[in-house]
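Here the structure comes first, spelled out in structure tokens, and everything after it is commentary.
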Amino acid sequence: MKTTGTENADRANFPQRPAASPFTAASQSTTPFLSSGPVVGSEAFAFRPAPPNAPQTTPSAPQTTRPYLSSGLMVGSEASGFRPTQPVRYNDPSIPRPPSSFVPPPTGTLQHHPTPQFFSTAQAPPPRTSPGQPVFPPPIRAPAGHVPSPPVYLHSQPQISSGQMGSPPQSINYVPSGRSVPPSSSDSLFSAPRSTLQPLQSAFPGYSSKSPNAVTQPPPVQSAPVFTHQGGYGPPPPATSTPFLAHQRGYVPPPPVAAPPAFYSREQMQHQGSGLPMGAVQGLTEDFSSLSLASVPGSLDPGLDSKVLPRPLDGDVEPKSFAEMYPLNCNSRYLRLTTSAIPNSQSLTSRWHLPLGAVVCPLAEAPEGEEVPIVNFATTGIIRCRRCRTYVNPYMTFTDGGRKFRCNICALLNDVPGDYFAQLDANGRRIDLNERPELTKGTVEFIAPAEYMVRPPMPPLYFFVIDVSISAVRSGMLEVVAQTIKSCLDRLPGFPRTQIGFITFDSSIHFYNMKSSLTQPQMMVVTDLDDIFVPLPDDLLVNLSESRSVVDVFLDSLPSMFQDNVNMESAFGPAIKAAFMVMNQLGGKMLIFQNTLPSLGVGRLRLRGDDLRVYGTDKEHTLRIPEDPFYKQMAADCTKYQIAVNVYALSDKYTDIASLGTLAKYTGGQIYYYPSFQSSIHKEKLRHELARDLTRETAWESVLRIRCGKGVRFTTYHGNFMLRSTDLIALPAVDCDKAYAMQMSLEETLLTTQTVYFQVALLYTSSSGERRIRVHTAAAPVVSELGEMYRQADTGAIISLFCRLAIEKTLSYKLEEARSSIQQRIVKAFREYRNLYAVQHRLGGRMIYPESLKFLPLYGLALCKSIPLRGGYADAQLDERCAAGHTMMALPVKNLLKLLYPNLVRVDEYLGKASSKPDELNISRLPVTAESLDSRGLYIYDDGLRFVIWFGKMLPPDIAMNLLGEDFATDFSRVILSERDSEMSRKLMEILKKFREIDPSYYQMNHLVRQGEQPREGFFLLTNLIEDQVGGMNGYIDWIQQIHRQVQQNA
Ligand SMILES: [Zn+2]
């Protein structure tokens, strides 16, 4: 095995770290990468984060201790969840420890909880050992040069049900809805620093004055005329109780701030209502939004016109300030922070209440017209900080005539290698700056030299494991899968190196010899499931271009080979084991197609989801995690050998997605769920999604690390992956459809820097066989005021973290607790924000919130109503919940927001227009509520995963006939929408095609719904109109009022 090259050369310069730190700097010792054989080698070093507070001069110890790394892979709660920071650090009494684990308070005793429960780290009790604290093995000292082969380390708990997972370090507190919120220390909140009156520019040194919020002059008073014809939502609501409100009559748009109607700036409110002298508002920089609400607690009268509630009808609007403040930052599609104003103290952090962290989509498609520059340093080697290993980026500064550069992450002054030297001009800029994308772009890709690999880059490898039991054949799945794979063979990435192989299974395992010299494949059947062996290990995995004709013959004959199969069993587990044995020399993607609940051999499952006695009890959550440790163990093995698993589950019965999904979850894979798959109905969806899975650009054998500046540290990671070491995310395969979230905390009481830098690095093998590092760098200002944090908040990133935290929580707690935690964090944030402003400005019964968070309550509500979290057990099928949970854990921000608040558009008028073309399609989105539906209309509901096409009762018959012909009279569950010989039909199909092109990651299947046709209408549409009250679930107005009441309590 090749060891690291230049990494070793750097070793002597590494400072020594605390003995127990998992960040230790050893290079030749015991990383699992080096020891685990055919994997990628030096990433563990290459991706090492900045050592906190490391002195620059201390030499490195030759032997170091890496408790995490030496124990191999970590599975379980580290990987998925809320493990509170690195426990070893708690040995340092100077560092406050976040709450170790969340234990839901018993109902009824909430009010007795001490205040600190509701704040986080800064006010948390001092460190002490708690029962929930993970116990770590003593540090292992490895002799230099000795590379032991660590066992795969599975978390000691076989299931995900540990208490450590339920809660992030910043406590999510459970308060049953309707119950009063415990008092917060509002006195101290009121005494919050009032430095907020500083102009924005001074709050952010080096901060561009372009900030849209930097309104320092009172705006012209022009609200009255605006307010008479605002919106399009009809007249404002009748005046509510206070004179102030009466005067306001609801909502006036802020003249200078680009905000939609229904919001107005603080300055304006003061002019109109508060009676404060004009001078008092000079220089105010913060603006907020507000809603007037009935202020009678418990009042059922809405007191609020639903039409004026804020709605994200423009979809996800990425925060501009991030890029405007720092034009050298990477695009926000790669990295978004929950607030791009980093708190300078722990006490500030504790008053933020929302997640503090980032969402990363390392391989997001580049913005239109842009390409990621590729940089090859060739013999120079990649320029990095020798201490913290940060990659060269636009924020590194050159000094000493160009001979030194200062690291923006750890501030170390590094020597510029001779080959990379360039003189500085009069402004201190390198004279070659314009030829150096790595110094001018926030996103670059480096070609990695040999020391970033321990073996030649692997070829793209696709291995298919296909169920051929009777239900797989009868559903038509086998035929669709075989045809789709065949149709994609020319487009698989990596020609001519691509490798391919197949296993099929029912009660036995069938291997296929695909050797290129054969004219047709040879099938070998293994029936001994307890002792799986691989016959002909060399010819089961073949080079696609060499064996192409054999592969073609195999795929052509596959459906007919099993057409008369009556076998009802499934040796699923043994089949995966066999596939693993075939693949583990190289790694790659394992695609499993599964129709029948695993019934034979290891990993067999039982119909536990059908056990009604468990539902509604404290044990219900156990149904959402795997019962058999086989699945997690298998996933750990796969990750170790660079195998990503994608599961296509197509059963018509309960199939235990909780267990099957584990394979995808911990290997960076993906779950595709097609309940009751029928080829005649679902064929297009499966075809499209499988084709995308096979042909999209994929990064292989990769690891991801995010570094950040001194004083800040990423502590928890959330998404579908496995953690290798404390901060290295292992991703056997990754693509543009996957995002990951992480939370950070402050390591120091007070940050003294003005800026914090972040760098995301993904080391991977490209399909073309190059080892590469994609690097995204961004900066964010450090602030000393809470108002600024809220103003720079990014609702999309916050919701992405909320989503992942809440879904993880459902694996250990009841659904209602996961929902409640979302609600309570919103309440606490809004209360905190209100306390900043309300009293001084006499806002009375108004609900106020920062403009940046105006959609937060709605998205929070949508999250609570999303399939993984909604209602009780009867409100979504167990498998459906688990599948949706796996999907949502991986979605990029934009896709997640659209899933939560779908597009609803009316199209009948457009279809009726004579000349309109899809290019002219400019249909405005409607609020997602039944009130938007006119029974004379035709509507499309699009959440990115499916279309619901709703036909109003009074829709003109000619439209219906044009679109559906005679089918219009039949039961819609049997109607397939297809293009007919009419202009309207063609136009509708074009619209749908266009919508699909906007969101290509999934194929939206059409579901036709007729107004009033139950239960179909209810199932597909009405329960998903998230603004409406359905069953026991809140509507938008109720939800806002509930939040408002809770905010006001103790405010
Ligand atoms: Zn550094």
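If you go along the chain as it appears here, the first residue is 1 and each next one adds 1.
Just so it is clear, glycine is given a Cβ too, placed from its N, Cα and C backbone atoms.
Looking at 200-219, 300-319, 1000-1019, the range annotated in TrEMBL as region 'Disordered' turns out to be 200-219. Note on the domain 'Sec23/Sec24 beta-sandwich' (699-783): DSSP counts are 0 helix, 59 strand, 26 coil. Residues belonging to the domain 'Zinc finger Sec23/Sec24-type' (382-420) score a mean pLDDT of 96 in the model. According to DSSP, the secondary structure content of the domain 'Zinc finger Sec23/Sec24-type' (382-420) in residues is 6 helix, 11 strand, 22 coil.
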